[in-house]
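Undergrad: Structure provided below as C-alpha coordinates; questions to follow.
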Amino acid sequence: GVACRCDSDGPTVHGDSLSGTLWLTGGCPSGWHNCRGSGPFIGYCCKK
(Lines of atoms letter the chains of each structure in order from A and count residues from 1; the text may use other names and numbers.)
(Lines give C-alpha, C1' and ligand atoms only; values in the text may rest on other atoms or scores of the structure.)
Protein backbone atom coordinates (compact mmCIF):
# COMPACT_ATOMS: atom_id res chain seq x y z
CA GLY A 1 0.00 0.00 0.00
CA VAL A 2 0.87 3.66 -0.10
CA ALA A 3 2.20 5.27 3.07
CA CYS A 4 0.32 8.21 4.53
CA ARG A 5 0.84 10.54 7.45
CA CYS A 6 -1.15 9.91 10.60
CA ASP A 7 -2.08 12.79 12.87
CA SER A 8 0.34 11.37 15.44
CA ASP A 9 3.22 11.64 12.96
CA GLY A 10 3.25 15.40 13.37
CA PRO A 11 3.07 18.33 10.94
CA THR A 12 6.79 18.47 10.17
CA VAL A 13 7.84 19.56 6.70
CA HIS A 14 10.96 17.40 6.44
CA GLY A 15 11.49 13.86 7.64
CA ASP A 16 7.86 12.94 8.11
CA SER A 17 7.37 9.48 9.51
CA LEU A 18 4.55 8.01 7.47
CA SER A 19 3.21 5.33 9.76
CA GLY A 20 -0.18 4.89 8.09
CA THR A 21 -1.34 3.04 5.00
CA LEU A 22 -3.65 4.69 2.49
CA TRP A 23 -6.94 2.97 1.69
CA LEU A 24 -9.08 4.62 -0.96
CA THR A 25 -12.41 2.88 -0.54
CA GLY A 26 -14.54 1.19 2.08
CA GLY A 27 -12.74 2.58 5.10
CA CYS A 28 -10.04 0.74 7.01
CA PRO A 29 -9.73 -3.05 7.09
CA SER A 30 -10.90 -5.02 10.08
CA GLY A 31 -8.57 -4.57 13.03
CA TRP A 32 -7.23 -1.27 11.69
CA HIS A 33 -8.26 2.27 12.60
CA ASN A 34 -8.33 5.58 10.79
CA CYS A 35 -5.39 7.59 12.15
CA ARG A 36 -6.09 10.71 10.11
CA GLY A 37 -8.52 13.29 11.44
CA SER A 38 -10.27 16.05 9.55
CA GLY A 39 -9.15 17.99 6.51
CA PRO A 40 -9.18 17.63 2.73
CA PHE A 41 -7.99 14.07 2.36
CA ILE A 42 -8.84 11.42 -0.21
CA GLY A 43 -9.47 7.99 1.23
CA TYR A 44 -8.51 6.81 4.70
CA CYS A 45 -5.16 6.74 6.46
CA CYS A 46 -5.25 3.44 8.35
CA LYS A 47 -3.00 2.03 11.04
CA LYS A 48 -2.85 -1.33 12.80
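Think of each number as a place in line: the chain as shown, counted from 1.
Using N, Cα and C of the backbone, Cβ positions are placed for all residues, glycine too.
Pulled these from Swiss-Prot:
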type	residues	note
DISULFID	CYS4-CYS45	disulfide bond
DISULFID	CYS6-CYS35	disulfide bond
DISULFID	CYS28-CYS46	disulfide bond
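Show me how these features fit into the shown structure, please.
TA: All protein chains considered, the CB of CYS45 (disulfide bond) has 24 other CB atoms within 10 Å.
DSSP gives CYS35 (disulfide bond) a coil state; it is part of no helix or strand. Around CYS35 (disulfide bond), a 10 Å sphere centred on its CB holds 20 further CB atoms from the protein chains shown.
Here the Cβ of CYS28 (disulfide bond) has 18 other Cβ atoms within 10 Å, regardless of which shown protein chain they belong to.
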Undergrad: Can you give me the Cα-Cα distance between CYS6 (disulfide bond) and CYS45 (disulfide bond) in Å, rounded to a whole number?
TA: 7
